[in-house]
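**Student:** If you scroll down you'll find the structure; I have some questions about it.
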Amino acid sequence: MAAGVLEGSVSNILEQESLKWVFVGGKGGVGKTTCSSIISILLAQVRQSVLVISTDPAHNLSDAFQQRFTKIPTLVNGFSNLYAMEVDPKVEGDELSGEGLDGFLSELTNAIPGVDEAMSFAEMLKLVQTMDYSVIVFDTAPTGHTLRLLQFPSTLEKGLEKVMSLKNRFGGLLTQATRLFGLGDEFNEDVMLGRLEGMKDLIEHVNKQFKDPDLTTFVCVCIPEFLSLYETERLVQELAKFEIDAHNIIINQVIFDEEAVDSKLLKARIKMQQKYIDQFYMLYDDFNITKLPLLPHEVCGVEALKNFSQHFISPYKPSHVRGTVEELQQRISTLRSQLEEAKLELERLQKGKQIA
Ligand SMILES: Nc1ncnc2c1ncn2[C@@H]1O[C@H](COP(=O)(O)OP(=O)(O)OP(=O)(O)O)[C@@H](O)[C@H]1O
Ligand SMILES: [Mg+2]
């Protein structure tokens, strides 16, 4: 297996100062929320201000950070420049329906599937853009949903074309329809179309940013199993189709061949995982591939996230006892660097205590 010339870490993301949007996505349960939380913690160390957003209706940033978040960006406990928010792209921020256009809008959304979601996503982006964060990390919902979000600009464009052609064909009929729904003159078709147009401009603007690799990147999270490999390939291809940059893969839940592994079952799993890990390296030799160890416990709360974050920066090295002199030397150097990290962490904690 080639270790690859690329660094096995996410350091490249931290070094890319121009980055504005970081999407983190992958199959259900592989560790998207854990990874996006940690990436945002790491970014907060090098960037002025960071916002992490969950667009997953299951909302689990709150679980990861052990703090309740809402659709309003909230400072994460223990940080001065890291904010989190949780939105549901299906129901949140739909100001149009909130202003009495319900009937008409639902007619419209029936005609153009996805337009309501597109509009609330656009609203959310608009809001976020005015807030001036240096970088925004998205903890996205499982694969299909994310790709739909990224398709919204074209969905909306198609929808608008449809409405325009309807308008041209039926002339004043839409106006009559709005009257019929009792919406009054202020909600006539021109107002409606004006708003859709405005939304379209905004979403086009955002879409341009999403397609700019200087500004946007997508981090694919997966686990070393067949289905996940398959899904990752699908995701990578879809992203290429949408012209969205991706050059990081995080392989989570890797069981390393530690001294402690004596179980036959685990050994078999390790072998199976290795097969898929090799395939990841073969398929994605131009990606930064970061491997994360499977822990015996969950990654919950800021401390646990911070602890786990070291593996995002320096590749995890298992602790072998058996083996060659080189392996022992490697182990000693790993232990040394872990000790150094622990010392630094301790110093940081003690400093924090003094301040507090
Ligand atoms: N390497 C790991 N070792 C042990 N537990 C982990 C590891 N990575 C993540 N977990 C735990 O696994 C669970 C699922 O992780 P996480 O919530 O990050 O996945 P997800 O991809 O966001 O899931 P969902 O698709 O449901 O949103 C969490 O309880 C998390 O703490
Ligand atoms: Mg999640």
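Using the three backbone atoms N, Cα and C, a Cβ is placed for every residue, glycine included.
Automated prediction, rather than curation, is the source of TrEMBL annotations.
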**Student:** Which single residue out of Glu204, Glu225, Glu303 does TrEMBL record at the ATP site shared with Lys27, Gly28, Gly29, Val30, Gly31, Lys32, Thr33, Thr34, Asn252?
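**Tutor:** When TrEMBL describes the ATP site, the candidate it includes is Glu225.
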**Student:** Looking only at residues six or more beyond either end of the coiled coil (325-352), which have a C-beta under 8 A from one in the stretch?
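**Tutor:** That would be 306, 310, 314, 317, 319.
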**Student:** Between 0 and 100, where does the mean pLDDT of the coiled coil (325-352) sit?
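**Tutor:** Averaged over the coiled coil (325-352), per-residue pLDDT gives 82.
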**Student:** Select the most exposed residue of Gly29, Gly31, Thr33, Glu225, where exposure means the fewest other Cβ atoms within 10 Å, treating these as the binding-site residues.
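**Tutor:** Fewest other Cβ atoms within 10 Å, among the binding-site residues Gly29, Gly31, Thr33, Glu225, is found for Gly29.
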**Student:** Cβ under 6 Å from ligand 2: which of the recorded positions Lys27, Gly29, Asp56, Glu225 qualify?
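**Tutor:** Near the molecule: Asp56.
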**Student:** Can you list which of these recorded positions (Lys27, Gly29, Asp56, Glu225) have a Cβ closer than 6 Å to ligand 1?
**Tutor:** Gly29, Asp56
**Student:** How many neighbouring Cβ atoms, not counting its own, are there within 10 Å of the Cβ of Asp56 (active site)?
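**Tutor:** Asp56 (active site) is surrounded by 24 other Cβ atoms within 10 Å.
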**Student:** Taking the Cβ of Lys27 (ATP binding site) as centre, how many other Cβ atoms lie within 10 Å?
**Tutor:** 22
